[in-house]
Amino acid sequence: MDILVSVVLPLGLAFIMFSLGVGLTVDDFVRVGKQPIAFLVGAFNQIVLLPIATYFLVIGFGISGEIAVGFMILAACPGGVTSNIITRMAKGDVALSVSLTAVISLASMITVPVILGIALNRFMGESAPQINIVFAAMTVFALTVVPIVIGMMLKSKFPAAMMRSEPVLSKIAIALFVIIIAAAIAANWTLFVENAQLLGPALVTLLMVLTALGYFVPRLLGRSRHEAKTVSIETGVQNGTLGIAIAAIIVGGGSGFSPYALPSAVYGIAMYLIILPVIFVYRRMD
């Protein structure tokens, strides 16, 4: 299990982020300036509204300790390759989705350690494991920013080859995502069974609330339906693999899939229960 956490997990996450980078270009970042309001609304939803909503949901469901911290870790994670695919399926603004995923993923090296530190202090107090914020930031940087940049550089240098390989890379990334989720749940099976009746409803409720907020906040601010659908998906769909990695490597000390990873792992399953109907509804809007 130690080898799985210390080697397979970080390499798997790095590959997933690399596959994201292969699909990005500098224009995806420049585009932020062309859609500043839509981007800022989406970024606000992900960086500010998402953690706040998650915090109150955790309190409302009476969740505490490691599981509560695990929820906040999940809330701190950006979207991933999955959110871009779902946006395309839902007939949203794919360009905006990619831009949000790209920028928020880069910003995660700052936002994740901050939210993690606050969550540990709030929900665990003196019993919280000691976390080096600089180490946490550098770990997130190494697991997300570096592989994204490498993917973008290879895309720029070998555009034809990278475009041909992109579908294969995406399939491998999805397979790794499934394996990591299964491993995290298996490692905490007893805890999962004990908390399933709480975790399931809490995560489904969280997804429903975030997806709804993600849609109606942009609409209330005058954004288009396509932009609102995109922000909705980006707010509700998080990078569960990153959440598992943070829980295992940074908080768990690399000694195994810690209980902190459980919300991110279960989320990886619960997400589809909500997102598939959402895709169906969003497609019928056009």
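Each residue, glycine too, has its Cβ placed from N, Cα and C.
On a predicted model such as this, the values are computed, not experimentally measured, just so you know.
Positions annotated as transmembrane segment by TrEMBL: 6-26 (among others).
Sequence annotations record features per position, and here TrEMBL assigns transmembrane segment to 38-61 (among others). When Cβ-Cβ distances below 8 Å are used as the criterion, the transmembrane segment (38-61) is approached by residues 32, 68, 71-72, 74-76, 78-79, 93, 96, 99-100, 103-104, 107, 111, 115, 123, 198, 201-202, 205-206, 209-210, 213-214, 217-218, 221, 223-224, 227, 230-231, 234-235 of the same chain, each at least six residues removed from its ends.
Under the heading transmembrane segment, TrEMBL lists 67-87 (among others). Distant neighbours of the transmembrane segment (67-87): 16-17, 19-20, 23, 46, 50-51, 53-55, 57-58, 93-94, 97-98, 100-101, 104-105, 107-108, 111-112, 115-116, 118-120, 123-124, 128, 144, 170, 173-174, 177, 195, 198-199, 202, 206, 229-230, 233-234, 237-243, 246-247, 251, 259-264, 267, 275, 279; these residues of the same chain sit at least 6 beyond its ends, with a Cβ under 8 Å from one of its Cβ atoms.
Feature annotation from TrEMBL assigns transmembrane segment to 94-119 (among others).
Annotation source TrEMBL lists transmembrane segment at 131-151 (among others).
Within its own chain, the transmembrane segment (172-192) has Cβ neighbours under 8 Å at 1, 4, 9, 12-13, 15-16, 19-20, 81-82, 199, 240-241, 244, 248, 256-259, 261-262, 264-266, 268-269, counting only residues six or more beyond its boundaries. Feature annotation from TrEMBL assigns transmembrane segment to 172-192 (among others).
Non-local neighbours of the transmembrane segment (198-218) in the same chain are 38, 41-42, 45, 49-50, 53-54, 57-58, 61, 63, 67, 71, 192, 227-229, 231-236, 262-263, 266-267, 270-271, 273-275, 278; each lies 6+ residues outside the stretch with a CB under 8 Å from one of its CB atoms. Taken from TrEMBL, the feature transmembrane segment applies to 198-218 (among others).
Summarising the annotation, TrEMBL assigns transmembrane segment to 239-258 (among others).
For 264-282 (among others), the entry in TrEMBL reads transmembrane segment.
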Subject >> Residue numbers, six or more beyond the limits of the transmembrane segment (131-151), whose CB comes under 8 Å of its CB atoms >> reply: 10, 13-15, 17-24, 78, 102, 105-106, 108-110, 112-114, 116-117, 120, 162, 242, 245-246, 249-251
